[in-house]
Amino acid sequence: MNKIRKTFQYGKHEVTFETGEMARQATGAVVVRMGDTVLLVSVVAKKEAEEGRDFFPLTVNYQEKTYAAGKIPGGYFKREGRPTEKETLTSRLIDRPLRPLFPKGFTNEVQVIATVLSVDSKVPTDIPAILGASAAIGLSGIPFNGSLGAARVGYRGGEYLLNPSLDELKDSALDLVVAGTRDAVLMVESEAQELPESVMLGAVLHGHQAMQVAIQAIAEFIQEAGGAKWEWEPPTVNTALEKLVVEKSEAPLKKAYQIQEKTARQAQIQAIRDQLLADRAAEREGEENAVNEHELAVIFHELERRIVREQILTGQPRIDGRDTKTVRPITVKVGVLPRSHGSALFTRGETQALVVTTLGTERDAQSIDDLDGDRQEEFIFHYNFPPFCVGEVGFMSGPKRREIGHGRLAKRAVVPVVPTLDKFPYVIRVVSEILESNGSSSMASVCGSSLALMDAGVPTKAPVAGIAMGLIKENDKYAVLSDILGDEDHLGDMDFKVAGTSNGVTALQMDIKIEGITKEIMEQALDQAKEGRLHILSIMNKVLDKPRSQVSDLAPQYVTMKINPEKIRDVIGKGGVVIREITEATNCAIDISDDGTIKIAAHTTEEGEAAKRRIEELTAEVELGKVYEGTVVKITDFGAFVQILPNTQGLVHISQIAQERVENVRDYLEEGQVIRVKVIEIDRQGRVRLSMKQID
């Protein structure tokens, strides 16, 4: 295969696609370069689909190699290990816009691998990874509906920024990634500083317009490479079986979808499905061709989809009896766990999140070592989705991709209102335990985390709430749904999550399964989401509308002090012996900054004050004329040395011991004796002269 190269200008960056030199045994492979960021993106697909498979097995793996940044991995083995959180999140970011572009009925196994070979600190890797995946799939000839583009959009000084660098993002009020085709937006992922809905929508449209140059370049690159298209035809529909399923199951399914309780509804639907299968098996008894359960399940699912969608588009109540704008009943409790620092139980319909906040010291910060460099995360958010929350039996292991993704979305939503470490000296960990789930558990986590943070006394800027929106669209008819159920998410055309305060949006995530989503539809969804968000906030505010005035007594108690930086060595001691003795004696954690700032984290205020006193004694300066209580440490013929501070001794000359003449120092003093002395002189060398007889 000849080497093919395509270069185009994308904003301020030059982007290059190459194929034909690397990874030539893959079904499709592209090396994409943007600035000095270089990725190899490969795609491999099996030629045959597995019999009876009713889903599309797409796997996307994004992996970072430390050599890309000129680094050697840490740890004993000195090689890359399990995927990092960033790798998992980027894999999901690539997967989400790709998946809806594969044709319905295509069930061949496909794997996309994006490998970072070189990283430029000015160019984040996710945008070139998405572009490379689109180009590689296009080259492979796998059935795929169009070229996919992607763009990052920032917002600073009232202007949108296209593909900003990491440094520019630090000053940006918005970090938004949008992916789409020539005619449609398919995916949005963003974090914002309480921006208006109009600015968010403008960013989406700006990014979609800007990515057209990339979409055109990918199409030209694929055409120039001239890969052969796969010969694939969608599976034909068995019209006779389809008619039979409709006749036998449509009426009972419509009744089943009037059942508002999720578990009962699912049980009834399963019973209808089982009965259909049993009836079909009885009818085919003795025939050579057995019942095709897979074919039956596909038709049954399509019937479910049509029933639910028609019900909504014709103005009938939704599955649980609501109209399109109504939010499910909400209950809120705070302070539900007696020994946690902050907790909240947020229930919305059949979705429930128990969210717990824990406050820790700087030593509890999470160390991150990736291609962007080493850093500390002072705000940690974890989301757990155990199998019992959906009434299932499942294997309990580490967090799955979905849990990591939902946790990051909830974290994005609340980060803009959480104080930085210099304003609130605690490392914060929030854990959301999903106890029940029927749609929008990530948004329940947002609401619960805002409440749990305020319950813990974290001075957040404002309460935050989130809501998941849905869309049902057939031709020109559509309905935007507020607070969607799990079934509405599964059977609908859009999952649109919006979180924010009463002032503006802090996070927006959108996944669209169809084309034809207009600006007007997105505007309506954002406006309807704002209405729902403000409604949820009003309920939350009735229970807790601002942070508690102080942190929990169970949280670490901070005492902060400042010392002369030259005295730091006195506090630490040789080999750390002094500070270790203080921490053990007072049961405190002590952190010292180079500028002399000392943070003492204690279990109680008393322990913190005790540690502070010890440090004050160690760093105190001797004051001329002040009376001290000291210990005699050494006696000589000409006087006695007395320790008046932990690191300071002074001399009481024999002439300063008593009013009368002293012939022998030992007649008046002994080693270990505690006496009161007055500082009468500090010479240029810092030597201290003391007196006993000059004390009034």
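Positions of Cβ are set from backbone N, Cα and C atoms, glycine also.
Copied from Swiss-Prot, the annotated features are:
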BINDING   Asp489, Asp495  Mg(2+) binding site
DOMAIN    556-615  domain 'KH'
DOMAIN    625-693  domain 'S1 motif'
The domain 'KH' (556-615) [mean pLDDT, rounded to integer]: 90
Local backbone state of Asp489 (Mg(2+) binding site), from DSSP in three classes: helix
Helix, strand and coil residues within the domain 'S1 motif' (625-693) as assigned by DSSP: 6 helix, 36 strand, 27 coil
Structural state of Asp495 (Mg(2+) binding site), classified by DSSP into three states: strand
DSSP-assigned states of the domain 'KH' (556-615) in counts, ordered helix, strand, coil: 32 helix, 17 strand, 11 coil
